[in-house]
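**Student:** Relevant sequence annotations retrieved from Swiss-Prot are reproduced here:
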- GLY18, PRO19, THR20, ALA21, SER22, GLY23, LYS24, THR25: ATP binding site (BINDING)
- THR20, ALA21, SER22, GLY23, LYS24, THR25: substrate binding site (BINDING)
- 43-46: region 'Interaction with substrate tRNA' (REGION)
- THR109: site 'Interaction with substrate tRNA' (SITE)
- ARG131: site 'Interaction with substrate tRNA' (SITE)
- 167-171: region 'Interaction with substrate tRNA' (REGION)
- 248-253: region 'Interaction with substrate tRNA' (REGION)
Amino acid sequence: MNQHTDNQQLPPAILLMGPTASGKTALAIELCQALPCEIISVDSALIYKGMDIGTAKPTAEELAQAPHRLIDILDPVQSYSVAEFRRDALAAMQDITQRGRIPLLVGGTMMYYKALTDGLSTLPQADPLVRAEIEKQAEKNGWQALHQELQGIDPVSAQRIHPNDPQRLSRALEIYRISGKSMTELSLNKQPSAPYQFSQFAIAPSDRHILHDRIAQRFDIMLNSGFEDEVIELKSRADLHLDLPSMRCVGYRQMWQYLDGENIYQEMREKGLAATRQLAKRQLTWLRSWQNLHWLDTFSKDNLTNVMKLSRIRT
């Protein structure tokens, strides 16, 4: 009973999740017009400046209607950990709440949401891309060099892990690269869940084929809106390459490879669509196992009413 009472006393926050191309932005703007909400973006691609078309970043008109926080905060050469998102989102949520308004968190990066609702796990889950990058470095420089890198990052773990133990050495480095914190530091501290009463919603079409059609339609709009020129401009920079998190965003890698002559235009389009469908599939897999989640159909006329009713927030 005490936990329930405590929950009721926490400030409200709305989570609006969903796969890519499901209609999150349109509904979020409607919510901002009906409720005293302010949007915080929960999207690992929208954080990057100069990556507007391929990420389907909200338009200037949409941003004028409903400003989004945590958009355009980093240069594409920079990386951004889940821990950094959690820190920035909590600061934004506190600012919004202190002004008597409601944080509305909108996006499709599920690890970001989990960091808020469940707290940051003591040790992050394995990331095959980060692991592959570490193994590539090991092939080039040797595990001894990576062990020396670990000594600089986490001397306690380096003392415990032998240079000839690639599995544990790789994991310790992976944890640091994902979270920005050492294994030793994370083992000592676990951040609790964010102190908010969350109302959690997911929006998606009821039919997977409709979602795929929406993905294709949106991808073609991007191609016709200057996406190729956007990537040409990014590619012209000497400091950007395909191993960066920003350039691993769906669509960008495929366009980059097309510009390098690795495939023809139609193949680039097909690979970009396949990567986007895979992203949507992963997002939906996360959401199907999500606890206390209210589902909304993309095409329902009652989504705004249902969010207002189920979140029990009064205007």
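Any Cβ shown, glycine's included, is placed from N, Cα and C.
Map the listed features onto the structure and describe their local environment.
**Tutor:** Sequence-distant contacts of ALA21 (ATP binding site), defined as residues of its own chain at least six apart whose C-beta falls under 8 angstroms from its C-beta, comprise ALA56, LEU211, ARG214, ILE215, GLN217, ARG218, THR276, ALA280. Secondary structure from DSSP puts ALA21 (ATP binding site) in coil.
LYS24 (ATP binding site): 24 other CB atoms within 10 A of its CB, across all protein chains.
The average pLDDT for the region 'Interaction with substrate tRNA' (43-46) in the predicted structure is 98.
Look at THR109 (site 'Interaction with substrate tRNA'): DSSP puts it in coil. Taking a C-beta cut-off of under 8 angstroms and a sequence separation of 6 or more, THR109 (site 'Interaction with substrate tRNA') has the following same-chain neighbours: VAL42, ASP43, SER44, PHE85.
Annotation for ARG131 (site 'Interaction with substrate tRNA'): same-chain Cβ neighbours under 8 Å, separated by at least 6 residues, are SER170, GLU174.
Break the region 'Interaction with substrate tRNA' (167-171) down by DSSP state and the numbers are 5 helix, 0 strand, 0 coil.
Remote same-chain partners of the region 'Interaction with substrate tRNA' (248-253), defined as residues 6 or more beyond its termini with a Cβ less than 8 Å from a stretch Cβ, comprise 20, 44-45, 48, 51, 54-55, 129, 219, 222, 227, 231, 234, 242, 272, 275-276, 279.
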**Student:** Looking only at the region 'Interaction with substrate tRNA' (248-253), what are its DSSP counts of helix, strand and coil residues?
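**Tutor:** Residue counts for the region 'Interaction with substrate tRNA' (248-253) by secondary structure: 3 helix, 0 strand, 3 coil.
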**Student:** Starting from the Cβ centroid of GLY18, PRO19, THR20, ALA21, SER22, GLY23, LYS24, THR25, which together make up the recorded ATP site, report each further residue of the same chain whose Cβ lies within 8 Å of that point, ordered by sequence.
**Tutor:** GLY108, ILE203, ALA204, THR298
**Student:** Run through the Cβ atoms and count how many others sit within 10 Å of the one on SER22 (ATP binding site).
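**Tutor:** Step by step: centre on the Cβ of SER22 (ATP binding site), count other Cβ atoms within 10 Å, giving 26.
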**Student:** For the binding-site residues listed here (GLY18, PRO19, GLY23), which one has the lowest count of neighbouring CB atoms within 10 Å of its own CB?
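**Tutor:** Output over binding-site residues GLY18, PRO19, GLY23: least Cβ neighbours within 10 Å is GLY23.
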**Student:** Please list, in sequence order, every residue of the chain apart from THR20, ALA21, SER22, GLY23, LYS24, THR25 whose Cβ lies within 8 Å of the Cβ centroid of the substrate site.
**Tutor:** GLY18, PRO19, ALA26, GLY108, ILE203, ARG214, THR298
